[in-house]
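Worksheet for the structure shown next.
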Amino acid sequence: MERYVLSLDEGTTSARAIIFDRESNIIGLGQYEFPQHYPKPGWVEHNPEEIWDAQFRAIKTALERAKVEPSQIAAIGVTNQRETTIVFDRDGKPLYNAIVWQCRRTAEMVEEIKREYGDMIKGKTGLVPDAYFSASKLKWLLDNVPGLREKAEKGEVLFGTVDTFLIYRLTGEHVTDYSNASRTMLFNIKRLDWDDELLEIFGIPEGILPEVRESSEVYGYTKKELLGAEIPVSGDAGDQQAALFGQAGFETGMVKATYGTGSFILANTGKTVRYSDNLLTTIAWGLNGKVTYALEGSIFVTGAAVQWLRDGIKIIKKASETEELATKLESNEGVYFVPAFVGLGAPYWDQFARGLIIGITRGTGREHLARATLEAIAYLTRDVIEEMEKLVGIKELRVDGGATANDFLMQFQADILNRRVVRPVVKETTALGAAYLAGLAVDYWESLEEIESLWKVEKVFEPGMDEETRRKLYHGWKEAVKRAMGWAKVVGI
């Protein structure tokens, strides 16, 4: 009987289930969207039941499309939107809506904590204190949901990020992995345990926290009434860490960039915890008794800038048009676009920066804006990778996400980085990473070496730009960024 691995890829707006065979081919896929809820300005929530319903329907659809029986699934891996915070009872029933990573309701609370404890928190967790991470969201829930803290003190409340909630629903086991725990701002990434001092600062009772396990081990088995089979759930990693694993980024210095609405860049730093003033330090995964660390840079707006060309100023009808427009020009002709719609992320961390288009003349047309937008994505990526290179040597960039289909962008990325850019055959690297972690735990795949042999290159983009052109273009970009920074303060918005 042929066996397969099922990957659950739970994102911010949809839940997917993807079935892979031993050669990493996709043989079945199900995907269902679920809504976000906005009870107040700046607040973002999910209904955990809607997440579960979408995820379970996706599993059923993937099995049907693959014509695979549940008994043929050798293992299940889970990957998820990180930081999103859920509290539920011991029956798995949610006690409030999930507070999503994007939610800013705790921003003021975190600013107060940051002033007093910022350096200590970064030293323990690798994270710059922010409302983005789980700790303040969980504190808000305990402080504001009537009766929740009392129930928590009695042992009637469980906390988890989305992976924990899904695994609990599937197996009844209350667990998470190192990569997801490292995004809560409650986990000591050196000691590899929940940190008592941080729990005290945020007022979190330790009894509600999940057990932290490796990213590849059997956490439990699916309840038979769910799928008609007891399947091991044996892989777990946050979405960006799973993408690095799916790119076979196992060696120190290996880097992946995921180009989505925003972009996330992770560099494997091996067994060493490395700190950067302008990047986050995180755990990539735990495997075979060892933890691998990573540096992470998040870029707030990349693909969203292309969406703005389409939906905002309507100079294109579909994203793919940008490549054709950009290649009509020999150069950017001095036009730069800094897409700081919501400020700038790594390495600038300027929440007051705003979008800027500069260098416009009477001859500027939509092709200039299209090219400037694609180039901006590449410049922003170089900004992050330059920070990473201060701490770890980088030879190439492995890429995934929708924008990697744009050959102009990928070539310009290679040119401006002066590093080769590698696009793999399988684009679903996040789901694939979770599948690999699950499969390794049950010997479906035997080793990292076997996984490396499965990772196939679709296209390599070699740098072809001369050094002087590269220097001039990047200098222009840095000058444009300077002019965009702090603009919201200047105009008082």
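Numbering starts at 1 and runs along the chain as it is shown here.
Yeah, the Cβs are placed from backbone N, Cα and C, and that goes for glycine too.
Cβ-based neighbour count (10 Å, all protein chains) for D239 (sn-glycerol 3-phosphate binding site) stands at 26. D239 (sn-glycerol 3-phosphate binding site) falls within a helix when secondary structure is assigned with DSSP. Positions annotated as sn-glycerol 3-phosphate binding site by Swiss-Prot: T12, R82, E83, Y132, D239.
Taken residue by residue with DSSP, T13 (ATP binding site) is part of neither helix nor strand, so it is coil. The ATP binding site annotation in Swiss-Prot covers T12, T13, S14, T261, G303, Q307, G402.
Neighbours of T12 (sn-glycerol 3-phosphate binding site), defined as other CB atoms within 10 A of its CB across all chains, total 19. According to Swiss-Prot, the feature ADP binding site maps to T12, R16, T261, G303, G402, N406, an assignment based on sequence analysis.
According to its DSSP assignment, E83 (sn-glycerol 3-phosphate binding site) is coil. Here Swiss-Prot flags R82, E83, Y132, D239, Q240 as glycerol binding site, drawing on sequence analysis.
Binding of ADP is attributed in the record to T12, R16, T261, G303, G402, N406, and the widest Cα separation among these residues amounts to 24 Å. Using a 10 angstroms CA-CA radius around R16 (ADP binding site), none of the binding-site residues in Y132, Q240, T261, G303, G402 qualify. Summarising the environment of R16 (ADP binding site), the number of other Cβ atoms within 10 Å of its Cβ, over all protein chains shown, is 23. When the alpha carbons of R82 (sn-glycerol 3-phosphate binding site) and T261 (ATP binding site) are compared, the span between them is 16 angstrom.
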